[in-house]
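> Okay, handing you the structure first.
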Amino acid sequence: MASIRRTLSPMYHDRSHENGGSHKGFTIGGSSSKHNSSQFLSYLTKLLGVTSDPKSSRRGPWRRPFYQFLVFFLLGFVLGLTPFGKMEDVNGSDRFSFEIKQPYVEERLENRKREEAAVDAVSFVAETENGKKEVNFVPKKLLIVVTPTYNRAMQAYYLNRVAQTLRLVESPVLWIVVEGNVASFETSEILRKTGVMYRHLVCKRNMTSIKDRGVHQRNTALEHIELHKLDGIVYFADDDNIYSLELFQSLRQISRFGTWPVAMLAQSKNKAILEGPVCNGSQVIGWHTNEKSKRLRRFHVDMSGFAFNSTILWDPKRWRRPFSHPTRQLDTVKEGFQETSFIEQVVADESEMEGVPPACSSILNWHLHLDALDVPYPQGWAIQKNLQALITMK
């Protein structure tokens with residue numbers, strides 16, 4: 001019977017003999033660690049599928065991905081439990097504290113100042129070194145300008161002149177224009193084009209039997225201010241007067257009641273007279289007067305020569321006013337006494353008044369009485385009756 005002998009391939013010969021070296025056996029003590037690491041690496045490579053094992057492929061294609069998933073899952077779980085950051089030591093007493101503590105801020109930020117941000121005349125200041133908040137913003141007082149008007153030849157000219165003056169005044173300014181019976185379309189058009197914040201009111205009183213229409217028109221404005229509790233300085237500015245910008249700038253300095261001298265033309269139109277207070281600084285000590293018929297008045301002031309705080313109308317307790325009835329102008333008094341009768345309801349005497357400007361040394365407005373004739377057209381231009389004439393068309 002023939003025997004078959006299997007010879008070793010030359011590639012498995014020990015290469016140390018070929019080079020002339022002597023063959024040495026493996027020592028267990030020196031290479032045990034290397035042997036263990038090589039076994040772990042071989043097992044890991046087999047598990048991860050780096051080397052292909054035909055026996056493992058026969059067992060099932062799902063085992064190798066399952067073991068791979070299991071190894072990476074355990075590796076990620078161990079890494080997730082490993083603390084990489086620093087943990088602050090919290091005292092046991094603070095663990096269940098419900099107080100909200102401020103975040104830690106470096107000390108160098110505490111001494112830092114924030115610059116002021118200025119916008120026009122308004123400045124805002126944030127926190128300073130001491131931690132105090134300072135606000136330099138002071139809102140300006142509202143100027144409530146009341147102007148009664150009526151239909152006449154120069155009405156549009158007067159209203160536009162007052163409107164152009166008010167446009168140059170610093171805001172806030174509210175222009176209250178009061179008409180009688182009905183608000184005319186022409187007046188509404190003028191007010192819309194002025195560029196001034198306005199309110200167009202109508203006096204519902206019958207003007208035919210009224211002695212002074214301006215009294216009731218101003219009372220309509222006072223009722224409106226009291227109803228809506230407008231907070232500001234009220235000034236009666238007739239449309240036929242001439243005003244300076246310095247006057248409106250000085251009105252915001254009034255705390256309760258302010259007055260100033262008004263220049264006007266005499267009846268002869270050939271000289272100017274002065275009516276108003278005599279002041280020592282801001283204190284009123286006397287009055288200018290030129291008409292003998294008006295010397296019996298308590299206060300010698302023109303209607304456009306004073307202004308007052310609007311809270312007097314709707315908050316009398318603030319000023320300790322003794323009157324329980326509303327503050328209004330009176331139509332029952334003699335002509336020329338409307339001003340003094342109204343002022344007596346606002347203040348008791350000169351000690352509650354303020355002279356504007358200081359020492360009352362400037363003329364801030366003029367009352368000229370330069371009204372045109374009531375007839376809007378010269379004589380002969382208007383015909384009382386229509387001509388009853390018919391012209392046949394050819």
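Glycine is no exception: its Cβ is also placed from the backbone N, Cα and C atoms.
Feature annotation from Swiss-Prot assigns compositional bias 'Basic and acidic residues' to 12-21. Annotation source Swiss-Prot lists N-linked glycosylation site at ASN91, ASN206, ASN280, ASN309. Residues or ranges marked as region 'Disordered' in Swiss-Prot: 1-31. Taken from Swiss-Prot, the feature topological domain 'Cytoplasmic' covers 1-64, and the record attributes it to sequence analysis. As annotated by Swiss-Prot, topological domain 'Lumenal' applies to 86-394. Sequence annotations record features per position, and here Swiss-Prot assigns transmembrane segment to 65-85.
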> Note the mean pLDDT of the topological domain 'Cytoplasmic' (1-64), expressed as a whole number.
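Per the prediction, mean pLDDT sits at 53 for the topological domain 'Cytoplasmic' (1-64).
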> Could you find out if DSSP has ASN280 (N-linked glycosylation site) as helix, strand or coil?
strand
> In DSSP terms, helix, strand or coil for ASN206 (N-linked glycosylation site)?
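DSSP assigns ASN206 (N-linked glycosylation site) to coil.
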> Cα-Cα separation of ASN309 (N-linked glycosylation site) and ASN206 (N-linked glycosylation site), in Å?
29
> Going along the chain, which residues six or more apart from ASN206 (N-linked glycosylation site) have their CB under 8 A from its CB?
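Result: ASN181.
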> Can you check which residues sit near ASN280 (N-linked glycosylation site), meaning Cβ under 8 Å from its Cβ, same chain, 6 or more apart in sequence, and list them in order?
GLY355, ALA359
> Measure from the Cβ of ASN309 (N-linked glycosylation site) and count the other Cβ atoms within 10 Å, all protein chains considered.
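ASN309 (N-linked glycosylation site): 20 neighbouring Cβ atoms within 10 Å.
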